[in-house]
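Participant: Sharing the feature lines straight out of TrEMBL:
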COILED    22-49  coiled coil
TRANSMEM  99-119  transmembrane segment
TRANSMEM  139-161  transmembrane segment
TRANSMEM  197-219  transmembrane segment
TRANSMEM  225-247  transmembrane segment
TRANSMEM  271-293  transmembrane segment
TRANSMEM  299-318  transmembrane segment
Amino acid sequence: MDTIVNYIENVFKTLPKTEELKKLKSEILNNMEDKYEELKKDGKTENEAIGIVISEFGNIDEIIKEFGVEINNSNAEEFFPTIYIDRVKEYLYVKKQTSFLVSIGVALCMLGAAILIMLQQMAEDRVILTGVALDTRDIVPVIILLIFVGIAVGLFIYSGITLEKFKDIEKGQFAISSSTRIFIEEDAKSIKHYKTVGIITGVILCILSPIAIFIGGMFSESGYVYGTSTLLLIVAIAVGLFINLGGNDDGHKKLLKEGEYSIESRKSDKVIGAVASIVWPIAVIIFLTWSFLFGSWGISWIVFPITGVLFGGFCSVYKSIKSVDE
């Protein structure tokens, strides 16, 4: 309930203290509190009830404008068109969907690599594909990998097309009013608990994943390879969690233009994005060349964490240099 009161107080804080606006403020607050109590009786949690109440009452700014009061936009200096709560809600909903699809796509790519490594070793151990030619045994796992990657790419393309209509938000070419900002901040708070639990779960999975290699190595030389495959599977789940939760969080940050989505950070991201478009394809080429030419599937995966660490270091150094220059 305090959240709703604070929301209304913040919306009306900078407005003239006229009797009409005081009456309007009281009416809106009473209606929102009644709706909140009704939702609580229906079994909604506090965060769910608050989110529904704030969103269902629509854009308070439009109501205030009917009284002849101009609302200042938080980003008015950029002269971008103002977006309101309805469009914000639609964007956050679509962002949640596309983040989930992208997380599935990335997990499928890693899962495809895990299955490829496992099938290659199983074929070498004569567990599967025993009655086929050597070339066929090498090709079948690769075909399965390509199927997984193909599905993942399809998910990436679909997600990109779906977000196309929100190009203005993705590029930061918009402005928001004070009440819309408060709505976004409250919505971000409502998912904070789930984000925390998800990140903790993902980190624990990443820390425990090498155990699979140690356990596999206790049984045989092949066990190291099977352990590596299992490690990739576990990491795929963790990465999927990070991307899904991070995508939802990114939606709020983009709307609020905070962190890496501030105007200053967006300038840096153009350079980092250009470098990433070169570095990661090279990493994939090295991984595939090393693996196919030397049959080193059990160790060649190390290319990706090394690339990640080096690229992360580059990003940190570049941003530090930019901040000093500014």
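Including glycine, each Cβ sits where the backbone N, Cα and C put it.
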Participant: Can you tell me the mean pLDDT for the coiled coil (22-49)?
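Facilitator: Across the coiled coil (22-49), the average pLDDT comes out at 80.
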Participant: Can the transmembrane segment (99-119) be said to touch the transmembrane segment (197-219) if we require at least 3 CB pairs below 8 Å and skip pairs under 6 apart in sequence?
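Facilitator: Per Cβ check, the transmembrane segment (99-119) does not touch the transmembrane segment (197-219).
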Participant: Using a Cβ-Cβ cut-off of under 8 Å, list the residues of the same chain that are 6+ residues beyond the ends of the transmembrane segment (197-219) and lie near it.
Facilitator: 225-228, 230-231, 234-235, 237-239, 241-242, 244-245
Participant: Using a Cβ-Cβ cut-off of under 8 Å, list the residues of the same chain that are 6+ residues beyond the ends of the transmembrane segment (139-161) and lie near it.
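Facilitator: Sequence-remote neighbours of the transmembrane segment (139-161) are 98, 101-102, 104-106, 108-109, 111-113, 115-116, 119-120, 123, 129, 132.
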